[in-house]
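For reference, the structure is listed below as structure tokens.
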Amino acid sequence: MDYAVVAKKILEKIGGEGNVNSVQHCMTRLRFILKDESKADDEAIKKIKGVMGVTKQGGQYQVIIGNNVGACYKEILKLGNFKEGNSNEVKEKKGVFTSILDVVSGCMSATMPAIVGAGMIKVLLVILPMIGILSETSQTYTILSALGDATFYFLPLILCISASKKFNINAYTLAAVIGVMVYPDFIGLVDAGNKISLFGLPVASASYAYSVIPVIMMAWVMTYIEKFTDKITPAVTKNFLRPMLTLLIALPIALVVIGPIGFYAGEVLSSAMVFIYDKAGWFAIMVMGALMPLLVMTGMHWAFVPLSLMNINNPNVGFDTLLLVGMLASNLAQASSCLAVFFKSKNKDLKQVAGASAVSAFLAGVTEPAMYGVTLKYKKPLYACMIAGGISGLYAGFVGLKCFVFATPAILSIVQFINPAGGSNFTNALIVAAMTIVIAFILTWVFGFEDPANE
């Protein structure tokens with residue numbers, strides 16, 4: 001695929017360089033902020049070879065490319081003087097829920113390469129000792145374990161980068177404030193169990209490693225702090241007085257107000273997820289397995305990512321019971337459905353897209369190429385996926401399936417369902433995987449689809 005040609009056509013159909021405020025990309029999509037979305041020709045863009053679809057979320061015009069989005073993004077940057085991130089983002093009125101979802105999605109999606117990569121490292125550290133390649137007592141294991149754990153432990157600092165872009169604030173002052181919350185000496189004060197105060201104000205004894213909500217909330221507050229300090233500092237002192245005042249004002253707010261609110265909000269949400277799982281886990285996972293494609297399409301799945309991360313890294317919980325379990329069923333349903341389309345279709349182009357999408361979803365759990373290139377496009381395969389995901393999710397809920405490592409569920413990463421304490425959890429994960437693959441394949445074959453003729 002010549003992505004220079006693809007990029008040129010995309011830019012032309014979205015209204016040209018002059019209609020682009022900024023552009024960035026996630027794992028599968030080009031994310032444009034356009035000055036006027038009405039100038040973009042949705043149907044023409046969808047017809048460009050190499051484009052899987054178009055969607056609009058949170059003020060972004062998103063062009064789905066698939067696994068090679070990075071190559072297309074580089075070509076886009078060559079065609080104009082584009083800014084990255086959300087600078088000059090066109091503001092539009094949104095509901096509260098939509099705004100929160102937009103913020104969480106914008107902050108989390110940019111961090112996913114690091115999170116997914118670290119998750120796969122942790123998966124490797126389960127596999128390699130099992131097959132005798134790496135000893136758990138070796139220094140190599142210890143260092144690789146640090147690589148897998150550090151991304152999640154210091155996630156608050158990583159989030160500072162994406163959150164600062166989302167809110168158009170200084171990433172370094174935000175990181176300086178958030179850095180205190182994961183600083184060893186501060187953690188020592190918390191672990192000591194004594195009362196903590198700052199300027200005489202009470203500081204909550206909370207742990208902020210692995211946290212998401214406090215960082216996003218603090219990034220929002222920093223937008224007001226930066227405006228205030230910029231307004232009150234004289235021009236001649238702005239270079240040194242403004243950042244100092246920003247830090248001095250932000251730190252007490254972070255430790256006394258925002259941090260505790262975010263921490264306890266996370267605890268409440270985590271407990272709520274565990275409660276729902278205990279009382280109606282079978283129903284919750286059935287719904288998650290069935291509706292996951294729709295959640296991904298609307299971006300609503302991002303709302304569950306912070307909760308999943310918190311539960312897995314919470315020493316009182318240690319596992320995810322909803323998002324990753326539902327994704328196991330849904331991801332493999334997408335993969336199997338594409339495999340059925342690959343074998344049944346007579347169209348060369350569709351067979352190529354379906355085959356590549358099946359491999360991507362089976363091995364890595366990346367389902368957007370499958371969804372936008374095959375299942376959603378031809379509709380009946382999507383129905384098969386949702387039914388298969390719901391049935392497998394129902395079984396997963398009844399047997400109490402849990403996920404112990406945050407990684408995108410797929411064949412290569414399925415060891416994330418191994419319970420360190422033993423038991424039948426991994427066996428049940430294999431049963432869910434097998435059920436999903438068989439049901440989705442059969443239903444897709446039976447339902448059929450409108451097979452396009454070869455040109």
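Backbone N, Cα and C define each Cβ position, glycine as well.
What TrEMBL says about this one:
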{"type": "ACT_SITE", "residues": "CYS26", "note": "active site, phosphocysteine intermediate"}
{"type": "DOMAIN", "residues": "4-86", "note": "domain 'PTS EIIB type-1'"}
{"type": "DOMAIN", "residues": "102-455", "note": "domain 'PTS EIIC type-1'"}
{"type": "TRANSMEM", "residues": "114-135", "note": "transmembrane segment"}
{"type": "TRANSMEM", "residues": "141-162", "note": "transmembrane segment"}
{"type": "TRANSMEM", "residues": "169-187", "note": "transmembrane segment"}
{"type": "TRANSMEM", "residues": "207-225", "note": "transmembrane segment"}
{"type": "TRANSMEM", "residues": "245-265", "note": "transmembrane segment"}
{"type": "TRANSMEM", "residues": "280-305", "note": "transmembrane segment"}
{"type": "TRANSMEM", "residues": "317-343", "note": "transmembrane segment"}
{"type": "TRANSMEM", "residues": "355-374", "note": "transmembrane segment"}
{"type": "TRANSMEM", "residues": "394-418", "note": "transmembrane segment"}
{"type": "TRANSMEM", "residues": "430-449", "note": "transmembrane segment"}
Residues of the domain 'PTS EIIB type-1' (4-86) by DSSP state, where helix covers H, G and I: 31 helix, 23 strand, 29 coil
Positions on the same chain near the transmembrane segment (245-265), where near means CB under 8 A and six or more residues out: 170, 173, 176-178, 180-181, 198-199, 201-204, 206-208, 211, 213-218, 221-222, 225-226, 228-229, 232-233
Overall pLDDT for the domain 'PTS EIIB type-1' (4-86), taken as the rounded mean: 86
The transmembrane segment (394-418) versus listed stretches 207-225, 280-305, 430-449: most Cβ pairs under 8 Å: 280-305
Other parts of the chain folded back onto the transmembrane segment (169-187), taken as Cβ under 8 Å at six or more residues beyond its ends: 153-154, 156-157, 159-161, 163, 207-209, 211, 214-215, 218-219, 222-223, 226, 243, 246-247, 250-251, 254-255, 259
Stretch in 114-135, 207-225, 317-343, 355-374, 430-449 most in contact with the transmembrane segment (280-305), if contact is a CB pair under 8 A: 317-343
Distal contacts, the transmembrane segment (317-343) - CB-CB under 8 A, six or more residues away: 270, 273-274, 276-277, 281, 284-285, 287-290, 292-293, 301, 304-305, 307-308, 311, 350-351, 354-355, 357-358, 360-362, 365, 367, 370-371, 374-375, 378, 381-382, 384-386, 388-390, 392-393, 396-397, 401-404, 406, 408-411, 414, 416-417, 429, 432-433, 436-445, 449
